[in-house]
Amino acid sequence: MIEVREKPKLVERAFLVGITSPEQTDEHTELLLDELASLVETLEIGVNGRTVIHLSKPQPKLMVGKGKAEEILAEARALDCDVIIFDQELSPSQQRNWERMAEKFLVIDRQEIILDIFGERASTKEARLQIELARMEYSLPRLRRAWTHLGRQRGGVMQRGEGETQLEVDQRLVRKRIQRMRAQLEIVRRQRETQRKRRRSLPVPTGAIVGYTNAGKSSLLNALTESDVLAEDKLFATLDPTSRRLSLPNGQNLVLTDTVGFVRNLPHRLVEAFKATLEEAVVSDFLLHVVDVRSAELEEHKETTESVLEELHALDKPTVLVFNKIDGEVDPATISYWRSRYPEAHFVSARTGEGLGALKERMVDLVQQGIRPMKLLIPHDRYDLVHFLHEIGAVDKESYEDEGVLIRGNIPEKQVARVTDFALAGT
Ligand SMILES: Nc1nc2c(ncn2[C@@H]2O[C@H](COP(=O)(O)OP(=O)(O)OP(=O)(O)O)[C@@H](O)[C@H]2O)c(=O)[nH]1
Ligand SMILES: [Mg+2]
């Protein structure tokens, strides 16, 4: 086991540092800092102060010049902070230099915040393993300490001990542990693969709701299916996929899955963890890509989401762009701007239900793509198939004959193979 030399230290008050390079505007950096602040607050760490530094070139030692670094430190001290968080990624040596200089302060970056949130939210075994592995790999070159759990209230991760604290770690032990976790992960992955194969034969068509964090994915799932998946004004409220059944207006059933939100500058090692939790999106028949119409950075959020989807090879699916949160004080000009830019998109409010009817109709079309009209005679000893056809909403008409059940209906292309033996000529 890894030796823990210091008690875990919790942090409560943060000082944020954003860096503006010559090709960026201050406004943009401020927006990034707003997002960092939301991420930090998600961990229930308060933000006491923030600053934007203009930098023509990152400095190797401390990212910023020595004089600037001292100013930052003085300001953070004056504001009674106990952690300094850079929006930019700090190299392990920059981080060490900072912590040497700042003594009592913890100095970290956005990556560490995101890893921490993920660690807290993951609930499946695989997601937990993935994230722990990502943390270990992150800590390894950072020698001085392994994981510091940041959140103040949720002791869960910390109490499990095993070095998830601020400490000096024996690198060799960490490496061993990483190896062990990789092996464990491989086992879990194989199990999931088996489960997925089983699920693939699931008769019901599936759709996945994807999008930037806080766009309203869980709210949309709730509104569409009248369920109560956790929706919160927090980033990454959802980390593991949740599925709900939805009946479409034409009577057909569908399984809709909510997924983890995306965020920009996602640490690359977390894209791996995403792959596990996003499997549902990858195997679904279509995607609903949700964006928050009120976001000042809608286009950027959309691109971030698309680039992660691309990495997951899930970009080529039928996708409906859904602008959410059109209720309330949103400027009509904004909406008409997006309408003309994305004429195919849907405009909805998960809160008021506006636009959801049309969205469901669109899903009917999506599901109907590749649906074939058929006439079948199912023998009486195959009521399982009759049941199945009802289940997927494929039955238009049925009658009981001596030889079996006569069914007229529309069968999704990918299910046709299951019933072709019973197809009657002339259909
Ligand atoms: N006004 C308004 N607010 C909404 C609407 N839909 C969602 N929200 C709010 O937006 C916030 C985020 O909603 P969620 O459904 O948790 O968003 P999410 O995309 O699932 O977020 P993550 O799981 O964190 O990625 C919550 O505070 C919701 O109440 C809407 O149609 N209108
Ligand atoms: Mg959610």
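Positions of Cβ are set from backbone N, Cα and C atoms, glycine also.
Remember, TrEMBL labels are computer predictions, not curated facts.
Model, not experiment: these values are computed from the prediction.
Annotation comment: TrEMBL describes 211-218, 236-240, 258-261, 324-327, 349-351 as GTP binding site. Taken residue by residue with DSSP, K217 (GTP binding site) is part of a helix. Within 10 Å of the C-beta of K217 (GTP binding site) we count 30 further C-beta atoms, all protein chains included.
For S218, T238, the entry in TrEMBL reads Mg(2+) binding site. Cβ contacts within 10 Å of S218 (Mg(2+) binding site), excluding its own Cβ and spanning all protein chains shown: 24.
For the domain 'Hflx-type G' (205-371), the predicted model reports an average pLDDT of 83. Annotation comment: TrEMBL describes 205-371 as domain 'Hflx-type G'.
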Near ligand 2, which of the binding-site residues G211, N214, V260, K325, S349 have CB less than 6 Å from any of its atoms? none
For G211 (GTP binding site), what is the secondary structure state per DSSP, taken as helix, strand or coil? strand
Rounded Cα distance in angstrom between K325 (GTP binding site) and S218 (Mg(2+) binding site) is 13
G211 (GTP binding site) and S218 (Mg(2+) binding site), compared by Cα position, are separated in whole Å by 10
